[in-house]
Amino acid sequence: MIKSIFKKVSIKMASSSKILSWSFGEVTHSNFINFKNLKPEPNGLFCLKIFSDFELCCLKKKCFCHNDKFLNLKKAHTGYKVGHIKLFYPAVHIWYIKSSHSNISNILNLSYKILEKIINFKLKVVIKSYDIKIKKFNLFIFDKKIKNIIFTLSGAKALKKLLSDRELFIDCLILKIKIKKCNSFSKLFSILKHINKILIFYYSGNKPSWMVLKKIPVLPPRMRPLIALSEKKFASSDINELYKIVLERNYKLKKMTTYLDPKQLLINERISLQESIYALFDNEKLINPILTSSKRVLKSFSSLIKGKYGRFRQNLLGKRVDFSGRTVITVEPNLFLYECKIPIYIALELFKPILYYELKKKKIITTISFIDDYYKKNKKQIILLLKNKVKSYFIMLNRAPTLHRMNFQSFKILLTEDKTIKIHPLVCLCYNADFDGDQMAIHLPLTNNAKVESNYLLLSINNIISPSNGNAIIIPTQDIIMGIYYFTFDFKNKSISLNDINDIINFFEFNNYNFQINIKFNNKKKINTTLGRIIINYLFFKNFDYFLNIVFKKKILTYLIKYLFDFNQLSKIIIILEKLKKIGFLISTYSGITISYFDLIEVKNTFLINKVVFKLKYNNNIFSIVELLNNFFVKIIIKKIQINKTGLKKTNNLFIMLDSGSRGSMLQIKQLIAFRGFFSKSNGDIIKDPIFDNLKNGLNMKNYFISTFGARKGLTDTSLKTANSGYLTRKLIDVSHDLVIYKIDCKTKTGIKIFLNSYFTLVELYKNLYGRLLLFSVSLKNKILLKENTLIDNKVLFLLIKKKINTIFVRSVLFCISNRGVCCFCYGIDLSTNKIVLIGVSVGIISAQSIGEPGTQLTMRTFHTGGVASYFFYSDNLIISNSGFVKFKKCKCVINKFGEVIIVSLYGEFMIFNKIILEKYKFYYGTKIKFRNGFLIKKNTKLINFNDNNFYIYSENIGYVYFKKENNIVKNYCLEDNKFYYKTLKNFKITIINKSIKKNYFIPKNFNIVVYCYDYIFPGEIIAKLVSVTILKSSIIGGLPRLSELFEARIPKLKALLSEIDGVCKIKFSHLNYIITIISKFGFYKEYTLSCLRKLYINNGDYVKIGDILSDGKPDLNEIINLISINYLLSYFVNEINSIYFPQNIYVNCKHIELILKQMTKKVKIIFSGESSCQQGDILFLEDAINENFSTLVNSRRLSYYKRIVTGITKTSLESLSFFSAASFQETNKILVNSAIKNRTDYLLGLKENVLVGRLIPAGTGLIKYFKKKSKSSKNNLDFKNRKKKFYINYF
């Protein structure tokens, strides 16, 4: 039995002597009970002598003694004692031989197929030989006759002999000599694999022969129960049946050996015993598993511990609890934000023991079962007693699926006679609940600590701000928003002069809530406003310090609630929210807003538009036409929808719903009024025949059936993405659960360098900087403006902008160097409280929930978006904010005939300097700049001015154009330019010839060639272009699949080519491939081969740097971290994930993504082992590699070299320091086996492992006990000392 207080859990391999020391007796009989007297069989699987604490009076079958103590046996008495089975012939453990990386195979250096043949007596192994020709380990066919001077063995006994004869230390020395002499990479890999496994056994002290079993432990009966259903029927655990088969076969083998049966019969019986032991440990893995009479596979040890219904996940990580219930939810607008109504029947059941205690004290009832009868007779008394008791309790409500912490909140209890839970309408957004049959679970906290937590931490009014992005989550929605919008809408009626707020409210009530009145209100200045706007402004700003004379929409109300929260006005927010709720429901009821068929305006001349589309459809790209029509119709809809054509009202109901943000989107209205657009098939491919009809006028038969494809796809996607996003959340939780705030400051000296001028909008800058801390102090004119570790809030941010500070260094969780978890200063503010994060906050769990929760809103399909120009090339109007001199750096430019500088290299740097660098920008190919090197420019000057978003290819030299008119180009009409161009169908080559100089240009597919053959052109002239609307639609996997690809650090299917050296490019065309050669200035070169179907972003003669993207596709994360830097990886990773969420209007704060990336980048790979104890190719934690190098440096030895790697979240979770956490995630058997071989110890530092063993988690309120324990010795030091002592080798 496990002691209640323990600090760590260890796992080791068990030898036969260890199993014997656990055992309380040998099990010899296969029978469970004696069916005559229904007593357990002596020496059987339920023998009381072995498994019970009680001593029996006698062992007779027909025992009727009065002192028969096992008749009153309790479950606890058969709970913890272990027995054993002594095998008559050794058997191999299936987990050590049939796993993906067979341990026995690695140690003996024999393949799995050979081992299987040895076990099944098809081959025999030479154990000892006196013949020079035949050596040890030689294999022979079993039936072959061999001389007497050679000793051979077969079966599990042979493997046991081979494993016990291994001298691990000598094997290591031999293999090290082989490594030095090895020339082949494949041989080196196999030797390293072999030496790794041997070293693990050598350092751990485990003997390889223990993998072959002589004794098997028998679990206590409580873990494999036998339940009586009736007098002669019993339900037994599958483990009992498997034990029974093992015992029967073992007994049969023993009998056959004693009677000296023929050799072949003995062999067959040994094989059957081996198979039964395989089945006991892992029945599902066998080709012919043991089945029941109904042909069901019996559940073995493996199935008991692994999977969703195994011990780890069903019984340890998640448990069913008492004092809980569930029922349907309905809305109750008259509640306060912190209240909910519970049905009396549920409350009576939950509080039954408490009521029983009170009634028993008064001597009214004697047993708990009488409460129901007493309630029927004395309803009023029980309800009064219940109401008194309910006052001191707060109930916890939970709605599944619990994707984030806002799904679990506590409320004050009110009782109702209805049979549903009634909740406040404003908490629906937190729970993502509606009232179409949703159910909620009720939980009653009982202990004092649980009550305190539910009364304060979980209370709904303390969860107004979302921890994922810092935005308000308890906000007015739907009907309330619509009512407030209508209340503050300007109907442009005649205005009345009123100055006092009380007069305005009285006037509103006196006129039967007529709010369509304009008022001339005197607030410092006379304002012509509406009655509704004055009342809403009075709620937010009582003294009218500010006055917002606008229509109040959802976004504005959200910003105002966040504004009040920033200034610590929580009590004011709650009052305002309650008043907004009442006003919203009142006005939406009085207004009677609803939509009808006549609210859907008609777009005129649609017939002519469709006619034009029909003609153009066969000459142009269909995607471009739909995009043009989309923009065209949206403008018409916005203009026409605002005013109802009947003229009865001044507002359109549909427009109110859309503009207020209460319901609907422009996409839905476009489908109702204009056209439906593209639909996808069931496999995700887009049907290239868009629907130009709308839902108002109806669809024809063809379009109706095309619509059904999309509807089916939508339904299947919903079910798939729910499962996938749930799995993604689980993976994120598993990788980040041990990230908790344990320190105030880690004293790191590394962080992120941020160029304030590189952000084109203030919103972007605010989102990235707000809530971070400065790494170094900020100076201006040799005076410290801001000290280090200053929190960047609104004031600091505006000070930086005002003082024109260009570069700052900020702290990031990615560079936090805390021994355990993360420090407060690196994390910054807690977004849900708007204050510096407190010690004990489980930031890892919050990050995982923040990324995983909006996952269900993402799309599963492959969507079509802009390709080359929109993804890799940036263009925008840029205005300089400082006066200074122009300087170009690291770029190749040409000057066109208009005197404009055009960048023709992959990218270039542009700087404004005046003694020091004031501003720095990065421009990409094709950027036109008005100024040259050394020019003086003033602030607020427009630097670049793009009139269009097209992508152009420019000439770099003067000369004649030459190209062959082959099948690769076709003449095509361009709708945008109203001209005919040659369009490229494949990659195409254009040459510009000037005397002896030739320059080749490779034009990608789908570009329009602007020049003609034999044209004479100058530098900077356009050769070819890709119009923004007709950009090749590249299929980019969007939504969840792309998110999963990034977090798993998979190599993309279409991988971008990255330059590994600095140098000049030379491109050749060979067969169907490009041969790209990058020649360095030092003479060496690097050659790449790329398919001609891919797009190149470079031309002949371009100078590229390490890490430059040379072709289309997505870069590999491991290449980014090794070729460029971890800082670039951070910015790329954050931008990629935000680009997935942004189209769905979801914002996830950068720090959450950084925390996950921290976990993904904490490993290194050893490139050169030097004289350290590491092996080449080992994957270690970064801290372990640094510690190892320190110890080698102390001993004056050669250091090891390593490189940072990015590991996927699944792999990171499985390679966790805690084997408990890893085993409960997935691949349970493999992790437990590898951990046992290494003698691993789990120090229970994370949250999951503490939940598994039933302790308080080391986070939040559970952290106080851990701090008390740490006063004597630091657990961090212990952890790292133990990790340093151990030899951590990653299995291949």
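Backbone N, Cα and C define each Cβ position, glycine as well.
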* Please pick, from CYS816, CYS891, the residue that Swiss-Prot records in the Zn(2+) site together with CYS746, CYS823, CYS826. => CYS816
* To do: In whole Å, note down how far the CA of CYS826 (Zn(2+) binding site) lies from the CA of ASP436 (Mg(2+) binding site).
  => 44
* Structure fact -> The number of other Cβ atoms within 10 Å of the Cβ of CYS826 (Zn(2+) binding site), counted over all protein chains shown, is 28
* To do: Could you name the residues, excluding ASP434, ASP436, ASP438, of the same chain that surround the Mg(2+) site, i.e. Cβ within 8 Å of the Cβ centre of those residues, in sequence order?
  => ILE329, ALA433, PHE435, GLY437
* Structure fact -> For Zn(2+), residues beyond CYS746, CYS816, CYS823, CYS826 with C-beta within 8 angstroms of the site's Cβ centre include exactly LYS743, ASP745, THR748, ARG811, VAL813, PHE815, ILE817, SER818, VAL822, CYS824, PHE825, TYR827
* Far apart in sequence but close in space: which same-chain residues, 6 or more away, have a Cβ under 8 Å from CYS816 (Zn(2+) binding site)? -> CYS746, THR748, VAL822, CYS823, CYS826, TYR827, LYS1158
* Structure fact -> In the three-state DSSP scheme, CYS746 (Zn(2+) binding site) belongs to coil
* Structure fact -> For CYS826 (Zn(2+) binding site), the three-state DSSP class is helix
* If you count the other Cβ atoms within 10 Å of each Cβ, which of the binding-site residues ASP434, ASP438 comes out on top? -> ASP438
* 10 Å Cβ neighbour count around ASP436 (Mg(2+) binding site)? -> 6
* To do: State the count of C-beta atoms found within 10 angstroms of the C-beta of CYS746 (Zn(2+) binding site), not counting that atom itself.
  => 18
* To do: Note down the number of other Cβ atoms within 10 Å of the Cβ of CYS823 (Zn(2+) binding site), including every protein chain shown.
  => 21
